């Protein structure tokens, strides 16, 4: 009587009663994934979680955990996967929704393995915004948001880091047939048409 169900919950560390739908969103700097995430939230009822935003919010909160994260970043160290995953896990538990876009994570293969191990969740699929380096550079340089890291050298470095660390993650999920690759060099509206085609059938089936 329901013992299998409760056993499954316990194995999951009591993460969430309902098995959430998780979509990883990956794309290099300037690939336009932030804009598309906002569109998906608005049209398909997902909750958008950004690993970077959660880390920044934790630092701002002044908690012990936040101070530790801040010190690691100051020293140029990489924040351990578990720390980021616990923040994502907490955000999912507190949110109450069961459909999440996780943006900018997993950044590397170690993140990916740790996420599945800690949460017991495998993503439904990975949304990969594929954009040529020249187009990303053009977008970032014309963005003029006053981000000091938007100069040509830094942009190239960020792009290289993205490729080196994220491609193994994309290849891993691709081998499982879970990557939805999107040509992100096109105008925003066209890109969203493709995105809609990916999410719409899934949403209908879920109803």
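From the backbone N, Cα and C atoms, a Cβ is placed for every residue, glycine too.
Per TrEMBL, ATP binding site is recorded for 30, 31, 32, 33, 34, 35, 143, 186. Sequence annotations record features per position, and here TrEMBL assigns ribonucleoside 5'-phosphate binding site to 56, 77, 78, 79, 104, 105, 106, 107, 147, 158. The feature CMP binding site is assigned by TrEMBL to 111.
A map of TrEMBL features onto the structure.
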{"residue": "30", "record": "ATP binding site", "Cβ contacts under 8 Å, 6 or more apart": "131, 135, 136, 137, 139, 140, 143, 155"}
{"residue": "32", "record": "ATP binding site", "Cβ contacts under 8 Å, 6 or more apart": "129, 131, 139, 184, 188, 191"}
{"residue": "33", "record": "ATP binding site", "Cβ contacts under 8 Å, 6 or more apart": "25, 26, 27, 103, 104, 127, 129, 184"}
{"residue": "35", "record": "ATP binding site", "Cβ contacts under 8 Å, 6 or more apart": "188"}
{"residue": "56", "record": "ribonucleoside 5'-phosphate binding site", "Cβ contacts under 8 Å, 6 or more apart": "none"}
{"residue": "78", "record": "ribonucleoside 5'-phosphate binding site", "Cβ contacts under 8 Å, 6 or more apart": "72"}
{"residue": "106", "record": "ribonucleoside 5'-phosphate binding site", "Cβ contacts under 8 Å, 6 or more apart": "24, 81, 112, 114, 115, 169"}
{"residue": "111", "record": "CMP binding site", "Cβ contacts under 8 Å, 6 or more apart": "81, 84, 85, 105, 169"}
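Listed in sequence order, 103 are the same-chain residues six or more apart from residue 34 (ATP binding site) with CB atoms under 8 A from its CB.
Highest local Cβ density among the binding-site residues 31, 143, 186 belongs to 31, counted as other Cβ atoms within 10 Å over all protein chains shown. Neighbours of residue 104 (ribonucleoside 5'-phosphate binding site), defined as other CB atoms within 10 A of its CB across all chains, total 21.
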